[in-house]
Amino acid sequence: MLLNILDIQAKKGLEKIACLTAYTFPMARILDEHCDLILVGDSVGQTVYGMESTLSVTLDMMIAHGKAVVKARSKALVVVDMPFASYYTPELAYKNASRILSETGCDAVKLEGGVCVAEEIAFLVARGIPVMGHVGLMPQHFNQLGGYKCQGKTDSSRQHIKEDAKAVCEAGAFCVVLECISPSLAAELTQELPVPTIGIGASNACDGQILVVDDMLGQSSRYPKFVKRFADLEHTIKDAVVGYVRAVKCSEFPGDEHCYSDGPHLRVFRAHPHHAQ
(Lines of atoms letter the chains of each structure in order from A; the text may use other names.)
(Lines give C-alpha, C1' and ligand atoms only; values in the text may rest on other atoms or scores of the structure.)
Protein backbone atom coordinates (compact mmCIF):
# COMPACT_ATOMS: atom_id res chain seq x y z
CA MET A 1 0.00 0.00 0.00
CA LEU A 2 1.32 3.41 -0.97
CA LEU A 3 2.20 5.74 1.87
CA ASN A 4 0.85 9.28 1.71
CA ILE A 5 1.70 12.51 3.49
CA LEU A 6 -0.80 11.79 6.28
CA ASP A 7 0.93 8.46 6.95
CA ILE A 8 4.26 10.27 7.24
CA GLN A 9 2.80 12.90 9.57
CA ALA A 10 1.19 10.22 11.75
CA LYS A 11 4.62 8.81 12.56
CA LYS A 12 5.72 11.97 14.40
CA GLY A 13 6.72 11.08 17.94
CA LEU A 14 5.73 7.45 17.44
CA GLU A 15 8.00 5.88 14.84
CA LYS A 16 11.22 7.11 13.28
CA ILE A 17 10.89 7.98 9.59
CA ALA A 18 13.56 6.39 7.38
CA CYS A 19 14.40 8.29 4.19
CA LEU A 20 17.06 8.00 1.49
CA THR A 21 17.74 9.58 -1.87
CA ALA A 22 17.44 7.68 -5.15
CA TYR A 23 17.89 8.72 -8.76
CA THR A 24 17.50 5.47 -10.71
CA PHE A 25 14.99 2.66 -11.14
CA PRO A 26 17.22 -0.15 -9.77
CA MET A 27 18.16 1.75 -6.62
CA ALA A 28 14.61 2.95 -5.99
CA ARG A 29 13.30 -0.61 -6.31
CA ILE A 30 15.62 -1.71 -3.50
CA LEU A 31 14.87 1.27 -1.26
CA ASP A 32 11.12 1.09 -1.75
CA GLU A 33 10.81 -2.16 0.17
CA HIS A 34 12.33 -0.66 3.31
CA CYS A 35 12.15 3.16 3.30
CA ASP A 36 9.20 5.34 4.25
CA LEU A 37 10.21 8.17 1.93
CA ILE A 38 12.45 8.39 -1.14
CA LEU A 39 13.79 11.78 -2.14
CA VAL A 40 14.82 12.39 -5.73
CA GLY A 41 17.35 14.97 -4.63
CA ASP A 42 19.08 17.64 -6.65
CA SER A 43 22.19 16.03 -5.19
CA VAL A 44 21.93 14.00 -8.40
CA GLY A 45 24.01 16.77 -9.95
CA GLN A 46 27.01 15.88 -7.82
CA THR A 47 26.53 12.13 -7.34
CA VAL A 48 25.55 11.21 -10.91
CA TYR A 49 26.75 14.05 -13.13
CA GLY A 50 29.91 15.13 -11.32
CA MET A 51 28.82 18.74 -10.87
CA GLU A 52 30.51 20.92 -8.27
CA SER A 53 27.18 21.94 -6.72
CA THR A 54 23.43 21.56 -7.18
CA LEU A 55 23.09 24.94 -8.89
CA SER A 56 23.40 23.56 -12.43
CA VAL A 57 20.72 20.90 -12.03
CA THR A 58 17.79 21.50 -14.37
CA LEU A 59 14.07 20.87 -14.12
CA ASP A 60 14.26 18.38 -16.99
CA MET A 61 16.93 16.41 -15.12
CA MET A 62 14.78 16.23 -12.00
CA ILE A 63 11.76 15.11 -13.99
CA ALA A 64 13.72 12.40 -15.82
CA HIS A 65 15.09 10.93 -12.60
CA GLY A 66 11.74 11.39 -10.86
CA LYS A 67 10.04 9.29 -13.52
CA ALA A 68 12.55 6.49 -13.08
CA VAL A 69 12.14 6.42 -9.30
CA VAL A 70 8.34 6.53 -9.34
CA LYS A 71 8.22 3.60 -11.77
CA ALA A 72 10.06 1.49 -9.20
CA ARG A 73 8.04 2.26 -6.09
CA SER A 74 5.10 0.35 -4.71
CA LYS A 75 5.10 1.64 -1.12
CA ALA A 76 7.34 4.60 -0.32
CA LEU A 77 6.33 8.24 -0.59
CA VAL A 78 8.34 9.90 -3.38
CA VAL A 79 9.39 13.54 -3.14
CA VAL A 80 11.22 15.40 -5.93
CA ASP A 81 13.49 18.38 -5.30
CA MET A 82 12.69 21.61 -7.10
CA PRO A 83 15.99 22.77 -8.60
CA PHE A 84 17.68 26.12 -8.12
CA ALA A 85 15.82 29.15 -9.55
CA SER A 86 12.69 27.11 -10.35
CA TYR A 87 10.48 28.64 -7.63
CA TYR A 88 11.42 32.28 -7.09
CA THR A 89 7.83 33.48 -7.58
CA PRO A 90 4.59 31.74 -6.59
CA GLU A 91 3.48 31.49 -10.21
CA LEU A 92 6.79 30.04 -11.40
CA ALA A 93 6.81 27.61 -8.48
CA TYR A 94 3.33 26.39 -9.40
CA LYS A 95 4.18 26.07 -13.08
CA ASN A 96 7.25 23.95 -12.38
CA ALA A 97 5.88 21.97 -9.43
CA SER A 98 2.72 21.03 -11.32
CA ARG A 99 4.88 19.84 -14.19
CA ILE A 100 6.96 17.71 -11.81
CA LEU A 101 3.89 16.06 -10.30
CA SER A 102 2.08 15.50 -13.58
CA GLU A 103 5.09 14.18 -15.51
CA THR A 104 6.67 12.02 -12.80
CA GLY A 105 3.71 10.86 -10.74
CA CYS A 106 5.53 11.76 -7.51
CA ASP A 107 3.71 12.66 -4.30
CA ALA A 108 5.31 15.98 -3.32
CA VAL A 109 8.06 18.47 -4.05
CA LYS A 110 10.77 19.89 -1.79
CA LEU A 111 11.77 23.55 -1.58
CA GLU A 112 14.79 24.99 0.21
CA GLY A 113 14.26 28.10 2.30
CA GLY A 114 12.19 29.47 5.12
CA VAL A 115 10.57 32.88 5.39
CA CYS A 116 11.75 33.72 1.87
CA VAL A 117 9.76 30.86 0.28
CA ALA A 118 6.77 30.73 2.63
CA GLU A 119 4.60 32.50 0.07
CA GLU A 120 5.56 29.99 -2.62
CA ILE A 121 4.88 27.04 -0.32
CA ALA A 122 1.46 28.38 0.66
CA PHE A 123 0.64 29.00 -3.01
CA LEU A 124 1.47 25.40 -3.92
CA VAL A 125 -0.31 23.81 -0.96
CA ALA A 126 -3.45 25.84 -1.63
CA ARG A 127 -3.48 24.36 -5.13
CA GLY A 128 -3.09 20.75 -4.07
CA ILE A 129 0.67 20.29 -4.28
CA PRO A 130 2.20 18.83 -1.09
CA VAL A 131 5.48 20.44 -0.06
CA MET A 132 8.42 19.24 2.02
CA GLY A 133 10.38 22.10 3.59
CA HIS A 134 14.15 22.39 4.07
CA VAL A 135 15.90 24.76 6.49
CA GLY A 136 19.29 25.08 8.16
CA LEU A 137 22.11 24.40 5.72
CA MET A 138 20.61 24.77 2.27
CA PRO A 139 22.92 23.57 -0.54
CA GLN A 140 21.27 25.85 -3.11
CA HIS A 141 22.24 28.80 -0.88
CA PHE A 142 25.84 27.72 -0.19
CA ASN A 143 27.31 30.85 -1.80
CA GLN A 144 25.32 33.06 0.54
CA LEU A 145 26.05 30.86 3.56
CA GLY A 146 29.80 30.89 2.95
CA GLY A 147 30.03 27.22 2.03
CA TYR A 148 28.78 23.95 3.45
CA LYS A 149 28.95 24.78 7.15
CA CYS A 150 26.97 23.85 10.24
CA GLN A 151 24.27 26.43 10.86
CA GLY A 152 22.72 27.82 14.04
CA LYS A 153 25.93 28.24 16.03
CA THR A 154 25.19 31.84 17.01
CA ASP A 155 22.10 33.19 18.74
CA SER A 156 21.10 35.19 15.67
CA SER A 157 21.57 32.23 13.32
CA ARG A 158 19.66 29.97 15.69
CA GLN A 159 16.77 32.42 15.84
CA HIS A 160 16.78 32.79 12.06
CA ILE A 161 16.48 29.02 11.57
CA LYS A 162 13.63 28.83 14.09
CA GLU A 163 11.78 31.57 12.22
CA ASP A 164 12.39 29.79 8.92
CA ALA A 165 11.09 26.47 10.24
CA LYS A 166 8.01 28.09 11.74
CA ALA A 167 7.27 29.96 8.51
CA VAL A 168 7.56 26.78 6.45
CA CYS A 169 5.16 24.92 8.73
CA GLU A 170 2.65 27.76 8.85
CA ALA A 171 2.73 27.88 5.06
CA GLY A 172 1.57 24.27 4.97
CA ALA A 173 4.64 22.05 4.54
CA PHE A 174 3.82 18.47 5.62
CA CYS A 175 7.32 17.94 7.02
CA VAL A 176 10.64 19.77 7.12
CA VAL A 177 14.26 18.77 6.59
CA LEU A 178 16.72 20.11 9.17
CA GLU A 179 20.23 20.06 7.72
CA CYS A 180 23.49 20.54 9.62
CA ILE A 181 22.22 22.21 12.77
CA SER A 182 23.11 21.61 16.41
CA PRO A 183 21.47 18.73 18.32
CA SER A 184 19.91 21.13 20.82
CA LEU A 185 18.30 23.22 18.10
CA ALA A 186 17.09 20.10 16.30
CA ALA A 187 15.54 18.81 19.52
CA GLU A 188 13.87 22.14 20.19
CA LEU A 189 12.41 22.38 16.70
CA THR A 190 11.25 18.76 16.74
CA GLN A 191 9.38 19.40 19.96
CA GLU A 192 7.89 22.72 18.85
CA LEU A 193 6.94 22.04 15.23
CA PRO A 194 3.61 20.30 14.54
CA VAL A 195 5.03 18.37 11.56
CA PRO A 196 7.77 15.72 11.38
CA THR A 197 11.38 16.85 11.22
CA ILE A 198 13.76 14.91 8.99
CA GLY A 199 17.38 15.30 10.01
CA ILE A 200 20.55 15.21 7.96
CA GLY A 201 23.47 16.09 10.16
CA ALA A 202 20.99 17.26 12.79
CA SER A 203 21.21 14.52 15.45
CA ASN A 204 18.95 11.68 16.50
CA ALA A 205 16.49 14.13 18.05
CA CYS A 206 14.64 14.50 14.75
CA ASP A 207 11.53 12.51 13.86
CA GLY A 208 13.38 10.89 10.96
CA GLN A 209 16.65 10.76 9.08
CA ILE A 210 17.77 11.11 5.48
CA LEU A 211 21.10 10.56 3.76
CA VAL A 212 22.36 10.65 0.20
CA VAL A 213 22.27 6.97 -0.71
CA ASP A 214 25.69 7.06 -2.39
CA ASP A 215 27.24 8.36 0.83
CA MET A 216 25.46 5.80 2.99
CA LEU A 217 26.61 2.96 0.74
CA GLY A 218 30.21 4.15 0.68
CA GLN A 219 30.41 4.71 -3.06
CA SER A 220 32.83 7.61 -2.65
CA SER A 221 35.84 8.27 -0.46
CA ARG A 222 34.60 11.83 0.07
CA TYR A 223 31.62 12.26 2.36
CA PRO A 224 30.38 14.67 5.08
CA LYS A 225 31.11 14.20 8.78
CA PHE A 226 27.49 13.33 9.56
CA VAL A 227 27.45 10.32 7.23
CA LYS A 228 27.67 6.77 8.56
CA ARG A 229 28.81 4.40 5.82
CA PHE A 230 26.79 1.19 6.12
CA ALA A 231 28.78 -0.42 3.29
CA ASP A 232 31.97 0.12 1.31
CA LEU A 233 30.75 -0.23 -2.25
CA GLU A 234 33.59 1.81 -3.72
CA HIS A 235 36.08 -0.94 -2.90
CA THR A 236 33.59 -3.72 -3.62
CA ILE A 237 33.01 -2.33 -7.12
CA LYS A 238 36.74 -1.77 -7.68
CA ASP A 239 37.46 -5.37 -6.70
CA ALA A 240 34.77 -6.62 -9.08
CA VAL A 241 36.12 -4.51 -11.96
CA VAL A 242 39.68 -5.70 -11.33
CA GLY A 243 38.46 -9.30 -11.29
CA TYR A 244 36.53 -8.84 -14.53
CA VAL A 245 39.42 -7.19 -16.36
CA ARG A 246 41.83 -9.88 -15.18
CA ALA A 247 39.45 -12.64 -16.32
CA VAL A 248 39.09 -11.03 -19.75
CA LYS A 249 42.82 -10.48 -20.20
CA CYS A 250 43.55 -14.08 -19.19
CA SER A 251 40.76 -15.49 -21.38
CA GLU A 252 39.04 -16.91 -18.31
CA PHE A 253 35.82 -15.10 -19.20
CA PRO A 254 33.56 -15.97 -20.83
CA GLY A 255 33.70 -19.63 -19.89
CA ASP A 256 31.76 -22.41 -21.54
CA GLU A 257 28.87 -21.85 -19.13
CA HIS A 258 28.45 -18.31 -20.49
CA CYS A 259 28.41 -19.33 -24.16
CA TYR A 260 25.69 -20.56 -26.49
CA SER A 261 25.93 -24.10 -27.83
CA ASP A 262 25.03 -25.21 -31.31
CA GLY A 263 21.43 -26.22 -31.76
CA PRO A 264 18.16 -24.67 -30.49
CA HIS A 265 19.94 -22.10 -28.34
CA LEU A 266 21.94 -20.86 -31.31
CA ARG A 267 18.78 -20.48 -33.37
CA VAL A 268 17.21 -18.44 -30.55
CA PHE A 269 20.27 -16.18 -30.49
CA ARG A 270 20.11 -15.58 -34.26
CA ALA A 271 16.40 -14.87 -34.05
CA HIS A 272 17.00 -12.26 -31.36
CA PRO A 273 20.24 -10.46 -32.27
CA HIS A 274 19.55 -7.69 -29.75
CA HIS A 275 20.86 -10.05 -27.05
CA ALA A 276 24.34 -9.29 -28.32
CA GLN A 277 23.93 -5.52 -28.03
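From the backbone N, Cα and C atoms, a Cβ is placed for every residue, glycine too.
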Swiss-Prot 3-methyl-2-oxobutanoate site partner of D42, S43, D81, selected from K16, K95, K110: K110
Rounded inter-Cα distance in Å - E112 (Mg(2+) binding site), S43 (3-methyl-2-oxobutanoate binding site): 13
Fewest other C-beta atoms within 10 angstroms, as judged across D81, E112, which are the binding-site residues: E112
